[in-house]
Amino acid sequence: MSTLLDIKSSVLRQVQVCPSFRRKTEQEPEVTNSQEPPTGAWKPGDGVEFFAHMRLILKKGDGRQGLPCPEVLLRSGSPAPAEPVDPNRGLRTLTQEEVEMLYEEALYTVLHRAGTMGPDQVDDEEVLLSYLQQVFGTSSEEHMEAIMRVKKAKAPTYALKVSVMRAKNLLAKDPNGFSDPYCMLGILPASSAPQEPSGQKEQRFGFRKGSKRSSPLPAKCIQVTEVKNSTLNPVWKEHFLFEIDDVNTDQLHLDIWDHDDDVSLAEACRKLNEVIGLKGMTRYFKQIVKSARANGTAGPTEDHTDDFLGCLNIPIREVPVAGADRWFKLEPRSSASRVQGDCHLVLKLITTQRDTVMSQRGRSGFLSYLLLLSRVLRFEHRVEEPNSSSWRGELSGPGTTVLCLHGAQSNLSPLQLAVLHWQVSSRHHQTRTLDYGYLLGLLEDVQAHWEEAASLPQEQEESLADSFSAFSEFGLRLLRQLRDYFPATNSTAVYRLELLLKCLEKLQLFQPAFEICPFETELSMDIAAALKRGNREWYDQLLNTKSPREQPGPQRLAGLVELADIIYEDLQLCYGVYASLFHGILKVDFFTLTFRQLERLVAEEAWVLTEELSPKMNLEVASGLFELYLTLADTQRFWSCIPGRESRSLALAGIHTPFLPAVKLWLQVLRDQAKWRLQGAVDVDTLEPVDAASKHSSSAATASLCLSHIQELWVRLAWPDPSQAQGLGTQLSQDMCEASLFYTELLRKKVDTQPGAAGEAVSEQLCVVLNNVELVRRASGQALRGLAWSEGASGLEGVLPRPLLSCIQALDEDLHREAHTVTAHLTSKMVADIRKYIQHISLSPDSIQNDEAVAPLLKYLDEKLALLNDALVKENLNRVLEALWELLLQAILQALSANRDVSADFYGRFHFTLEALVSFFHAEGQGLPLENLRDGSYKRLQEELRLHKCSTRECIEQFYLDKLKQRSLEQNRFGRLTVRCHYEAAEQRLAVEVLHAADLLPLDANGLSDPFVIVELGPPHLFPLVRSQRTQVKARTLHPVYDELFHFSVPAEACRRRGACVLFTVMDHDWLSTNDFAGEAALGLGGISGIARPHVGGGMRPGQPITLHLRRPRAQVRSALRMLEGRTSREAQEFVKKLKELEKCMEADL
């Protein structure tokens, strides 16, 4: 047995997996022109060039949706543009004498260096001297002569600056668990250093000695700090200065004591600062010691009044050149002493007298350091980074060492050093560009040290203020030309701008710190003024370049379009890049400032130009104005899309008004150009798929692209006036509908002139055309929905305007109709084959199996659907399936009508065929839905097959059942009949009372009728002995009242049979001819009072009337009649004869 019955159409199963179609709107396949269209006006009627120009307009607007992101705008990491430099803005040029004096100062610093070098410093004297020779550019002879002069000069006088800051974790000496510490400190000459005889206990020097010590105290100018009561972590922050005789041998000695007596050595030592000279100080100190001992209670051999807490011995030569700022661990006087804790000291070795010309002439160390740093910085920049603007001032080892030595010897504070490096570097930056990060770091150093020291000599503060003013003036000049020196698309330049703004921010922070303010006004106001001036200069230059005012209006228009585009792009950059920098750093609203200024300027130009060009309106002018308006509208919307900002107060508000005539003219041309474009696309279309992945041809892609471009253009247009937008949108939607229908008409004409290949059952060209129609239907629907315009305050958000919705629905219906027409044309080529296979099933002998009879049809359908699946998109495949399904049902119905008096196997075979086709077309859910398959003609065919299998009486019963079903479906068109019916069980009779009728059809010429009612029971074989009865005729009325009662002697069981009913037929009595049929109604007997069983509901009370709607027999009622017509039995023929007579009456009425 064949297995074709199990075929579920593998083709149909794949339908759900395949995409409907793939729109290729990136480019039009048939357009291969690689050249961009000219920027001038397009030629009238040249659709390709027009839409190419429109694509450029749309492409220009692609980047204008929403607010820009900085990461999108920053596109280049190339070096930043070079900033302007001016050699005259640096420090003044020194005279030759001043250079020689500075050279001598630097050599003197190196030759008389003292202290310990750091790990990054150079301790080689020859290297340092050679470095200075290179910095000053002297010859070897001049260099040696200068060295000899410096060596003959007196050595400098050294001094040690000591800051006793704090101590921690000291030993507790008092009963309360604390101590009352104070410090005694002084300089120990080399001759006073303690000697340690071999074999004796280790003994360190101390400012106190036991009773056995008789030598004078060796310390010079002993200083003492205040006593800090009850603490183990004292804080002093006291500063002292000690002269140094020999930096190589002298030591700093410091003792920490616990103060216990009212009169102690500490109090006496405070007066030692008044003693001048070591000899006098020693004698005085000895007297103080004796006095303290005499007043104490301890014995001569006991410890002294103040308890020892620790000491420090620091050789002067070990003090770093840059100074020391650290914690020192306290040491005991001897190995037997018990001490703990640390002491924080700040040490710096300086010179107090220098035998140099600059010192002799009163030039301060501040000035000499400034000049030396400037010299070194210029030399290092020239050597290290001759052509770079990213140099961060990294000095070489010798350069750092020389400056460190000079700064320390000149006793410059950290604040002074920070100020000097800023002054020199900021001035040098204006002559040769440095890295702004380096300058920002210098400002941060100044700020940090300023907060600590908070003061400078007035002269130095004024010098710092001058450097701030010079740098701010330089920065403002750069900000005026912001777009030139810091282009927003260059990430390197933007980063330099960010650092420059941070430098200016630091300058702002210094304003309240100066007694003499370096700025006449607030720096932020100066910055805003510089930005405004820069905006105006940039705009004027751009206007003179792109659209000079002396040119005629039409020539200026193209330039103004370009200018407006540049301004929009500039505003994007301002918002996406510059705005956050200026607002976040300086609190300057750069974007608002720039937008309002540029928007006002470009609006003024646009108003003037539109007034000039309005009388000269033509296609070229309209094109230019249309493009100009789009950019201006984008500019206005760009402002309004920023939260909290409205565009009503802008100069561009209302700018759409003068552009309306140009926009209308341009949209009119768009309609004509669209048709030309579609015509050209269809002319060159070969009605073949674009590629293997697509099922539509090139013209459909072009049509879809055109519709999409029109919709995108409308979105770009976004006309602000609701009433005007409705008119423009309505016209544009009608133009799009017209273009879509125009395209389908062109396709139909092309198919008519290019028929498919001879003998081809399924035309590939028709499949492509069908796919084209579907693609355009979807594209047009999507494009039209995108045309939704605002209806003002009365419009609902998200609801399409009514005119647009009507247009969309009408076009969709038209394109659906066109698709069904093409589908019918496509399936008509299969009609002959389908009829042949249906006839094969009809003529198959009863001896073969049903599936064998159906096999050829299923195989044919499977092959054709495989071809259709490859050629059609899913939507069109479904259309073809539906058409084929209807075609098959009609073919089977025709086969059934053509065969009479056939065997039951014949109808069984077609019943099998119908179910096999349902399974085939459903394809396990991948094909047509079952509810669609089992509807319409399927029901009619299934009923035909069922009736053909029924007996004559079953067909008659079905006839009456159909009448009963018809009652509830018919509307009140033919009037109403009210009756009352019940069964009298005692007499075994049925009582039927005809009460009255209403709203009957007027069947006579006078507009009335002469109605009477025929009452009969059916089906006849259930009531063979019962004759029909009739009421009296009621003349000239449409609302007769009968009130007549009829009895029918019938058993109750007969009334309960299937199809048992009372049939009321209303006739119009005609005296001269055949009576006319007015309507009929049927009432089932199974539910009337006396017949209905208790579980059915108890029936109806005898007195309850029933109103029946009159109707005429419908098609499903006549199907049973047609079935009976083919029967040859007497019962069937008599029944049909009776009904035929009734139908004649009905036809006469029509």
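Glycine residues also receive a Cβ, built from the backbone N, Cα and C atoms like all the rest.
Now, the feature entries from Swiss-Prot:
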type    : residues                          : note
BINDING : D174, D180, D258, D260            : Ca(2+) 1 binding site
BINDING : L1003, D1004, D1068, D1070, D1076 : Ca(2+) 3 binding site
BINDING : D1004, D1010, D1068, D1070        : Ca(2+) 2 binding site
BINDING : D1070, S1073, D1076               : Ca(2+) 4 binding site
DOMAIN  : 851-959                           : domain 'MHD2'
DOMAIN  : 973-1099                          : domain 'C2 2'
REGION  : 22-44                             : region 'Disordered'
REGION  : 193-214                           : region 'Disordered'
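Structural mapping of features recorded in Swiss-Prot.
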| residue | record | contacts (Cβ under 8 Å, 6+ apart) |
| --- | --- | --- |
| D174 | Ca(2+) 1 binding site | D180, S230, D258, D260 |
| D1004 | Ca(2+) 3 binding site | D1010, R1036, D1068 |
| D1070 | Ca(2+) 3 binding site | D1010, D1076 |
| S1073 | Ca(2+) 4 binding site | none |
Other residues, Cβ within 8 Å of D1004, D1010, D1068, D1070 Cβ centroid (Ca(2+) 2 site): L1003, S1009, P1011, H1069, W1071, N1075, D1076
Of D180, D258, D260, D1010, D1068 (the binding-site residues), the residue whose Cβ has the fewest other Cβ atoms within 10 Å: D260
Neighbouring C-beta atoms (10 Å sphere around the C-beta of L1003 (Ca(2+) 3 binding site)): 21
Composition by DSSP (helix, strand, coil) of residues within the domain 'MHD2' (851-959): 92 helix, 0 strand, 17 coil
Collapsed DSSP category at D174 (Ca(2+) 1 binding site): coil
